[in-house]
């Protein structure tokens, strides 16, 4: 691991080596415990970290309770796994009071979630502190499910992330599910026509329509990565190549030439090895977005509430 990979903006690998040496192992064992009873917790924690970092940086602002906080905004209403973070925080406060930030718990839990689903581990720089502000209005920084590739690139670039980071991090959806309400419009009367989105594979369309009937339950969950939603692999990218992407914004990674070449790199056995390496690198880059270190922010005692 190069120095540029494991250091950045005041964070560093081993930040808690002397102040709370069991920090990473406590988070890891907590995530594993919850994962054993509910495998869906892994993609939930990975997504939560992503949603945290894209708004105000990786400062655990997504965890704060209250009216008009990030938690209450439409893009975050489907977030799950808060109880895992709270569980880890309770144990860490007992072992090392006031030392480990909620933001670092999120970053460590995201890595542990990837490992539990078969992905490769990476070194997580720590030393983040927690923010004190959480605003629902700022969740517009998150990429949306209908956005063009150009718009997605702009949002990633604003966080210091390039086009490859975009493809790699979206590829994290190789685990997890989404709700019918975020893509069923592609299946019926797409763009005001009487047909479906032409980028959907014709043989896949009836499967999606059976899962998400017209005027059906919009909250029903469907895997991003059909048949492989619990494995961190590259079948998500193969699905894009085969017109089996679930979200419109995901399928555009294949239909847009600028991102298709990157998707192609991650296909097959050699692609899997490359994806695992690049995912760790991109996660480290993202996890250093807008972090608070030193005397900025605080170390929250309870992750859902700023210190009084």
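Just so you know, glycine gets a Cβ as well, placed from its N, Cα and C.
Quick look at what TrEMBL annotates:
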ACT_SITE  51  active site, proton acceptor
BINDING   52, 55, 57, 59, 61, 70  Ca(2+) 1 binding site
BINDING   143  substrate binding site
BINDING   174, 225, 233  Ca(2+) 2 binding site
DISULFID  20-96  disulfide bond
DISULFID  53-58  disulfide bond
DISULFID  102-303  disulfide bond
DISULFID  180-212  disulfide bond
DOMAIN    10-307  domain 'Plant heme peroxidase family profile'
SITE      47  site 'Transition state stabilizer'
**Complete:** Listed recorded positions 57, 96, 303; those within 10 A of the residue listed as 'active site, proton acceptor', CA to CA, turn out to be 57
**Message:** Given a separation of at least six residues and a C-beta threshold under 8 Å, show me what packs close to residue 233 (Ca(2+) 2 binding site) in the same chain.
**Reply:** 118, 174, 225, 272
**Message:** Suppose the Ca(2+) 1 site is 52, 55, 57, 59, 61, 70. Which further residues of the same chain have a Cβ inside 8 angstroms of that site's Cβ centroid?
**Reply:** 51, 53, 54, 56, 58, 60, 62, 131, 134, 290
**Message:** I want the residues beyond 174, 225, 233 whose C-beta is within 8 angstroms of the mean position of the Ca(2+) 2 site's C-beta atoms, in chain order.
**Reply:** 171, 173, 175, 224, 228, 229, 231, 232, 234, 235, 236
**Fill in**
The mean pLDDT across the domain 'Plant heme peroxidase family profile' (10-307) is 96
**Prompt:** Taking only the recorded positions 52, 55, 70, 143, 303, which one has a CA atom nearest to the CA atom of residue 96 (disulfide bond)?
**Reply:** 303
**Message:** Would you identify which of the recorded positions 55, 96, 102, 212, 303 has the most other C-beta atoms lying within 10 angstroms of its C-beta?
**Reply:** 102
